């Protein structure tokens, strides 16, 4: 397979038609028309083999996940995904690998009407960089810096499944719960509808990619506040409780990464409305703590003791 | 150096203030306001160590070049650069390396007022992916597909210097011409002002990154035409003629890459105006051939014989 065949293959399948795309893949740059009244939200994420995923991960999973982690960032801003670019570095140009990658990408891209408008293919160690672009009405994006003392801290879905999924992969565990956890790791669901629904009511929002305490820590630092969360209130999936002992599960919930749930803050008076909107968006949300004036993140353990969160999240260069 | 120190260092230096940037690096996504009446032009390019540049290339050169190759793509559309994202994969987080990389990036970014608004830093084999964004008035972008039979084919600057620069690096040649050619390789000048000046007069445009015959071939294919160019008319730099024999230089001009000049087409009646605008933009341009109905690119050699261009440009997977 030659480079231009590869590009043609990707282009033919991923350039979903959109009214705002004047020119997609195939020229020196793509041309887009951002709708009036909308800000453009832009994010970028790289996934490197052996760092972000085991080298043997199926290309179909990589196609999905490389887009999903970016749509999760857009969701955290309350933005609606629109288009993306893909920079793909591959050791060899394998038609089947590419086909499977595009299958996984498309399965998610079609759900959110995301057009691939540009990219670059290069030979080298396997690495995937996606830049995703979305729209959010001017001035309505959810940022990290709006949390206020007294706000409720909440999360969507369940936590700890991503870390458990990695444990499943690394230890080659089989079974129903293990399989479900693998799907959570490899095919995370970006909370796009929830992000849109929380716009105008959440005071701050971030997606949980590095681990809950690390990401909540980023939100608190940006807002100039702290937070106290209750370990017993962290939402557990049935699969996670089935898979592992509770203390290990709680550790994964606090400091494991790859969950791609939203962590957000909301004034107590607005909490019932936030729950109602989340339910309408089809995603359960759960109050796990409160914003406090004292900086840092604290965790009330199962025994009632309040301790500073130790987890700092993943540091690629530590 | 930890990952967040690294990000803070980059963020502090590269987030040039711009009125259209509502939110830069530091949240889940950046927020931008595209000016009314403007289309957004988006491109992305990856540079991998050992593929796009020798492993020992100075970080300062990489910072400049990783942005330059993208601004060159925007220039080819006639777009004005505005902001960029940077995905940087590094084997180790070396503060000095990062500082030098940012120095090189900034030297060019400041010239064009390009704000870095987002990014990702990852540990792994050295690789740099930049996505650049620019603005062009609705419907006025220069595309590859507008060349018409009878149009003049022209290029900016001089050709072959990039390939010569690579020869200099690989053979560790010293001297004045060799040094100048190295600068052409490592610090290409994106023809942004020229691209803007050619809007509304050039019928098609592409930047010369893969090699003249390959890139002109892309333009012809997109336009459904062919081209015949005269080898004797290809603009040669004094350094290139000083550095190497003419037949080798001509080969580099036709099929070497990394020149980052613009190759464009213009109706003969508009050629004087195109020359005048190019002069006003401070860039020499040179007519090298003509657009013909017969598909493919042909070259009139020094001996007057017309032959099909053989060069296909760089295929990463050939």
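Each residue, glycine too, has its Cβ placed from N, Cα and C.
Residues A:28, A:207 are recorded by TrEMBL as Mg(2+) 3 binders, and the candidate that the same record lists for that site, out of A:73, A:161, A:258, is A:73. Proximity to chain B (Cβ-Cβ under 8 A) holds for A:120 out of the binding-site residues A:120, A:209, A:210, A:258. Between the CA atoms of residue A:73 (Mg(2+) 4 binding site) and residue A:144 (ATP binding site) there is a gap of 12 Å.
Summed and averaged per residue, pLDDT over the domain 'PurM-like N-terminal' (A:26-136) gives 95. Rounded to a whole number, the distance between the Cα atoms of residue A:258 (substrate binding site) and residue A:210 (Mg(2+) 5 binding site) is 7 Å. A helical conformation is recorded for residue A:73 (Mg(2+) 4 binding site) in the three-state DSSP classification. Listed binding-site residues near residue A:209 (ATP binding site): A:258 (candidates A:45, A:52, A:120, A:258; Cα-Cα distance within 10 Å). Taken through DSSP, the domain 'PurM-like N-terminal' (A:26-136) splits into 37 helix, 47 strand, 27 coil. For the pair residue A:207 (Mg(2+) 3 binding site) and residue A:258 (substrate binding site), the C-alpha distance works out to 10 angstrom.
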